[in-house]
Amino acid sequence: MSGSSDGMDEIVQEFLVESHENLDQLDRDFVELERSPGSRDLLASVFRTIHTIKGTSGFLSFGNLEKVTHVGENLLAQLRDGDRVLDAATTDVLLRMVDAVRELLALIEATGGDADGDVDGVVDAVKAVLDGTSAPAVEPEPVAIDPEPVAIDPEPEPVAVEPEREPVVAPVATAGSVPAEPAGDEPATEQKKRSAVDGSIRVDVDVLENLMQLVGELVLSRNQILQLAAESAEADLVRSAHRLDLISSSLQEAVMKTRMQPMDYLWAKLPRVVRDLSAQCGKEVDLVMHGRETELDRTLLDAVKDPLTHLVRNAVDHGIERPGAREQAGKPRRGTLTLRAYHESGQVVMEIGDDGKGLDPDAIGRKAVDKGLVSAGELAAMSRRQVLDLIFRPGFSTAEAVTNVSGRGVGMDVVRTNIEKIGGSVDLTSTPGHGTVCRVTIPLTLAIIPALIVRQGAERYAIPQANLLELVRMNPEDATKGVEYVAGVPVHRLRGRLLPLLDLGGQLGVESVGRGDAATIAVLRSDTDEFGLVVDEVVETQEIVVKPLGAALTSLQAFAGAAVMGDGRIALILDVPGLAAAGNVASTSASITSTLREEAGLGGADSDLRSLLVVRTEGARNVAVPLEKVARLEEVEVTALEHVGSTTVIQYRGDLLPIVEPDGGYSSYGGYGVPGQGEAPAQESLVVPTVTIVVYQHGARLVGLRVAEIVDIVEVPLVLSPIGARAGSLGSLVVNGNITDVLDVAALAAPFAADEADAYLEDSRAR
Amino acid sequence: MPVEQLSAPPSGAATDRDTVQYCTFWVDDLYLGIDALMVQEVLRNPGITPVPLAPPAIRGLINLRGQIVTAVDLGARLGRTPTERRMNVVVRAAEGSVSLLVDRIADVVEVPRSGHEAVPTTLTGVARGQLSATCPLADSLLLILDVARVTAVRPEGEGSR
């Protein structure tokens, strides 16, 4: 991989910085040791330090460094375990060992390797002490007789017992100073280039966090001053404000940069994960990465680490097929997992894509119904996207069997929760047979988020943009129509969908001021629930600095934090999932359905209740289809309608879907749907008109029903009046005060009954 | 109730001082004090942003030079009716700064350590749990607040709306 050498350099750099820190600690420990030579704690600390350096040097194949630290470690082990008492000779040789380590580190930093270092002298000296063959300067304590050597080479070389320091120091020093000298336009006093230790410091992330907050404040103050300056005629003030503007922008950038790390920090581990995992699953997977240099705030990187790993595992485990299956599907044996990261409008986008089998919405739907996550009725009303979204519901897993890769209780719901916790979002697109792309969008930084500022009563509140889908403004004349109350539950019809409404004032117990009859609805999304939040006024969108609330307020689920606004006042940040939970949005949606049933005057016995999908036909007639027959609702462009013989069809999931019109039998412009009829001609509009198709299932066959509008889903006792009974209609009943025909699906689908239709489809394919 | 425990110095106070300095103030007719070392600053009339749904004792949030501080009506904490109190005594509590709203600021009073006495058993009600000691002074009785308890407003403890 191209970046591997860079990666290695970085590891060496880190190792050097860390080792130098460790050596400083070592010096302190030795000083302490002189005062209390018997301290086990200190000896253990010294041992750990040397052990760490040894371990890493072995890993990075710095042979000489490993050699030195290895013998040093042996000696220290004896000291630590009390098998040896620290005497002058031991101290001396230990210090020599530390010096040698230091020299070797300098050598590594200068040349990238330690092969040129001569360590035999020190090593022998340490070994001599270990073996007790060195002539101790001072007589060691008699206690220290321990004949047990700990893993030393059996051949001590007594010849080299007392080598002087020169052999160690001299070559290292020269080797160290020479290659470090660049072309040399630096002043002579600065002989060495900045070493890794001098060039970087470790900073507590909290300190940076604080710095970031302060810069946030500065940016807000700057905004205020810029505003003042804009209104002022004082040229000096304007100039100063302009300079302040420039400086604070650069400062903000610089501070943000201190916390930025490239995506590769996370990705570097993935090739190994993918390799192991694909071997485990018997798959062949290539990992392709784009945008590994894309930078992201450190705390966010940490937060997306687990979700990312999970998504990658998912792609290998569930997405990409085994080599055999791939060949059968006409794909190359090796699957490709593509990671892509890039910046987009102030956010970081990370895509995890595979070219595997894709997600099967039908299988997902079935599974969700089996697990009781949704009812068959709810499923039928869902768009394809919503169906895919089901995999984010808690308790969902598409794995047929629990493998040791998946199935450890962490599902996509956790992935989504973790991403949303940091203000991000997860999105799935999947093409059956071609693969799945999971798109994770995360803010660049946590501290400053874009927000929509709304007013309710006298105060302003901030709604994170991440939760905002759209704004709906209703004029006074529309407001009464736009907000309907279904047994006290306010709802809004948004493009044919019923959107439960929450009133922010009502939720917070704050009176509305100056709303009049108009209503502003912020359409928000929390998990998979969408709802409208009715507010007094939308003020502006602004970048805000998120501050936590005090301990006494953290239990308020309506608020996620607070932000200081440009005028110094505080605005509370609304917690959208918290509001949704407090307002029972999920169950509100459910109760709307049941309330509609009651309003229809059909409270009756629950036992006979049937769910009906009520639609309006092109002929402005209300008709109902039993919901359990409905497979899906689709919106297709009118141009997708094609004709085969006298039948209208659309291409649907690799098959042909026959389309019928419920008005077919008797409407004034009847006949099996001629496209365009009853449809406003598409003149002057670039938008291709669409038609709504109710896909329903009859036996093994899908049939599309072309309708003008989806009205509602109601639950009613199916007591049919025979009055409306005729061809194509089972009878009629009254729903919400409207006479509604219940379609005879069987009759409508009859021309397309399984075998006939199959034959017909065979026929059409042959053409 | 054991008297020795109650006469212990307020939490957070250094134990090796002979005297303790108290920042004193009035809430209704109560003369109260907080160890001066725990007082960060005193503010008059900062803008308070109300927090809907918060316990009644919490009057809102103040912006203390970019730091967001919760403002607690000290009177309400002591079982009095919440009213408009204008002075903010910002104290350093364990979980960050908290502003205590009081009626009137009084002097800083230095009390010898031996001058602390237990909270009188006759004092009952909400206030009792929030005090750590009393100091009988020449002309008044100073009630020493237990800062940790006063600032620990929890909706469940307060009975949220």
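If you go along the chain as it appears here, the first residue is 1 and each next one adds 1.
Cβ from N, Cα, C; glycine included.
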Checking A:174-196, A:312-334 against TrEMBL, the stretch recorded as region 'Disordered' is A:174-196
Within 10 A of the CB of A:HIS51 (phosphohistidine), the number of other CB atoms across every chain shown is 17
Under the DSSP assignment, what numbers of helix, strand and coil residues are found in the domain 'CheW-like' (A:448-585)?
23 helix, 75 strand, 40 coil
Three-class DSSP assignment, A:HIS51 (phosphohistidine), comes back as helix
For the domain 'CheW-like' (A:609-754), would you mind checking the mean pLDDT of the predicted model?
69
